[in-house]
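Below is one structure; the comments refer to it alone.
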Protein chains: 2
Amino acid sequence: MSDANGKAPADLAARAAALDTADELGKLRDRFTLPDGVVYLDGNSLGALATGVAARIAQVITHEWGTELIQSWSAGTWWTAPERIGDKISPLIGAAPGQTVVGDSTSVNLFKALVGAARLARPGRTRMLVDAATFPTDGYIAESAARMTGLTVTPVDPSDAAGAMDEDTAVVLLNHVDYRSGRLHDLAALTAAARAAGAVTVWDLCHSAGALPVGLDEHGVDLAVGCTYKYLNGGPGSPAYLYIAARHQGAFDSPLPGWNGHAKPFAMTPDYTPAAGAVRGRVGTPDILSMLALEAALDAWDGVSVEAVRAKSLALTDFFLECVAAYVPAGRVESVTPAEHERRGSQVSLRTENARAVMDDLISRGVIGDFRAPDVLRFGFTPLYVGFADAERAARTLGHIFG
Amino acid sequence: MSDANGKAPADLAARAAALDTADELGKLRDRFTLPDGVVYLDGNSLGALATGVAARIAQVITHEWGTELIQSWSAGTWWTAPERIGDKISPLIGAAPGQTVVGDSTSVNLFKALVGAARLARPGRTRMLVDAATFPTDGYIAESAARMTGLTVTPVDPSDAAGAMDEDTAVVLLNHVDYRSGRLHDLAALTAAARAAGAVTVWDLCHSAGALPVGLDEHGVDLAVGCTYKYLNGGPGSPAYLYIAARHQGAFDSPLPGWNGHAKPFAMTPDYTPAAGAVRGRVGTPDILSMLALEAALDAWDGVSVEAVRAKSLALTDFFLECVAAYVPAGRVESVTPAEHERRGSQVSLRTENARAVMDDLISRGVIGDFRAPDVLRFGFTPLYVGFADAERAARTLGHIFG
């Protein structure tokens, strides 16, 4: 078998081995527990298990809950977990401390952010621009937030978003990376355009944080949300986060003013006085087991630069696309992920016929990606634990299926 | 030392031993892991650790997450956890299956319930009656829900609530048991009054579910919420639940229409079509570690009747009050928990001077209750793992502090 460029598979396998040997991040794989014999390219859906998480949660359950009981709330690490873990995420999204708080699901945080944005927006503006290709929950929640704040949702292709922003635009909700295609949007330029139009920006970072630099502070983003169970490896359904830029914190008016966001929660006063800082984004009692599992998982990022992760991510997706071109017969798959680096996230999405059956076949052969309706094979490249040999094997296995 | 009734401490200790011997629920304590030498009377704040939870979560982390990875979402027990665990709670709150869904915090569920209630309410009504003594988060969230649905909050003492319900009352939010005083409100009568007035009821069950019969279906409650980390022992910050009576499910219109509540979540369509049943109360991806810890904890209820729990609860609080009267010098504490059984939850709240210092002293002597501002010592009696000797020791220790 040889590809259009005349490369034999042996060349690619040797190249992969050499790339893995030279990879400075390669040793980070030891920070994770992965099953033997599996190529895991679905870390953009559920990140792998970091070492240390199981032992930490065993300690939390047996000692902090079972033995220390209620005293873990008053004297332990529990109460401040949302802001402490938020600050552990901050460097990954380019945020100075004190602007990020962890808790609730992405959908719930998006509701806080969008209603908060509508209340920060200039009076009289009526439109909420929303990425038309967004992950569905963002669109559903945007409709609800708009309905409850008197705005109207206008779906927009992110390519056209800058042009659509005008003096009637109150809020702009965009995804940094599109969940289906893996397309990376220009956060800096789109945020600048929104600011020029006087609109408040809300960015969804679910598919970018932990895979590439975000630069929330640098680019002047107003509000952002993201999940932690993809590239941040927090575990199934681990709590999401909310970023509130420091300049907006005093005026941020949450639709979910739970007692955890109160300035003096244990005073238990009937009137709500929001806490200073991002803490006002808290709502109810944080789910400690999921929260502290995330905290332990974030230890895998110790000493890791997001820039190095981005460089490896691009090298991995470049190499995977090269291997797919070499191994898969022409015409059987089509990449819907942009080829240009500046428009590519950390995944490769291939359109093909019978995509669901093809993915099932791949999984049965030990290559785990996922299927997204109606016709997309999605392969996520998580540089902390995926290597070049994984990319080569995945493409080679795909070639066998079409061979 | 003897009390006003002439009982010597030895009598009470012997009585406690006899009561524990005769207690049919006494053996349930083996279903929990409690530290040696401690009397734990704060299970109404954080329930104790049930045996089985640590092993279950270790399996979830190591096997389901670490090894099975994404396949646990498609093939495992994760996706249906919210409704499955909801149905495991249902018998404890008197709900037929299919009406209860677990996830999010109590505050978030309360927002869904109150906005949902406002949208179910008769057109033109403007008032939301809210328990004036409620746990603060309920009041804060009620203000937000009212603001966003065009209603006005009217605080009301639950004693006066029935009289305050009129043709302008849209929604009524009440607590089944008051968190501070332990006062039990008449859910049946107040729900009937609300129905007669044409108002929609939302009950907060945080301090009653798992301690006494609730009877949501029997009494015709419309909507209810509750936490799971008190009498249900789900663990720190374990997810809360939302009850939507079957008759309202078709019209229940959530302000948080996340993708998990969609009729076909994986179709990923841009339009939101709510799922049938209580599932439409779901929002984002459930936090699996906290969720499955709760599920394992609920095994402690196997074969337990809520009526038997209630009988023991009343016997425990009666006996504790008797011991307090015997051991504590007259005038040093005053019970703010109603003496009548039909008005008492499963806690005893004693008002005293320097309540915070007294509670700290008690805790240092191995009796763990809690302090609620400004002057309340709160003792929760959780019949699954608290016995009569615990009640006697707690009162005796309190007597020593005042002796």
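The backbone N, Cα and C atoms fix where each Cβ goes, glycine too.
What TrEMBL annotates here:
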- A:T106, A:S107, A:F135, A:P136, A:T137, A:D138, A:D204, A:H207, A:Y229, A:W259, A:T285: pyridoxal 5'-phosphate binding site (BINDING)
- A:K230: N6-(pyridoxal phosphate)lysine (MOD_RES)
So which of these recorded positions, A:T106, A:T137, A:D204, A:Y229, A:K230, A:T285, get their C-beta under 8 angstroms from chain B? A:T106, A:T137, A:Y229, A:T285
Please state whether DSSP places A:K230 (N6-(pyridoxal phosphate)lysine) in a helix, a strand or coil. coil
Among all chains shown, work out which of the binding-site residues A:T106, A:T285 has the most CB atoms within 10 A of its CB. A:T106
Here are the binding-site residues: A:F135, A:Y229. Which has the lowest count of other Cβ atoms within 10 Å? A:F135
Pairwise Cα distance for A:F135 (pyridoxal 5'-phosphate binding site)/A:K230 (N6-(pyridoxal phosphate)lysine) [Å, integer]: 14
So for A:D204 (pyridoxal 5'-phosphate binding site), how many other CB atoms are inside 10 Å of its CB? 26
Check A:T285 (pyridoxal 5'-phosphate binding site) against DSSP and tell me helix, strand or coil, would you? coil
For A:K230 (N6-(pyridoxal phosphate)lysine), the number of neighbouring Cβ atoms whose distance to its own Cβ is within 10 Å equals 27
Under 8 Å Cβ-Cβ from A:T137 (pyridoxal 5'-phosphate binding site), six or more apart in the same chain: what's there? A:T106, A:S107, A:L110
Should A:T106 (pyridoxal 5'-phosphate binding site) be counted as helix, strand, or coil on the basis of DSSP? helix
For pyridoxal 5'-phosphate: widest Cα to Cα gap among A:T106, A:S107, A:F135, A:P136, A:T137, A:D138, A:D204, A:H207, A:Y229, A:W259, A:T285 in Å: 31
Specify the secondary structure state of A:F135 (pyridoxal 5'-phosphate binding site) as given by DSSP, simplified to three classes. coil
Between the Cα atoms of A:K230 (N6-(pyridoxal phosphate)lysine) and A:T285 (pyridoxal 5'-phosphate binding site), find the distance and write it as a whole number of Å. 23
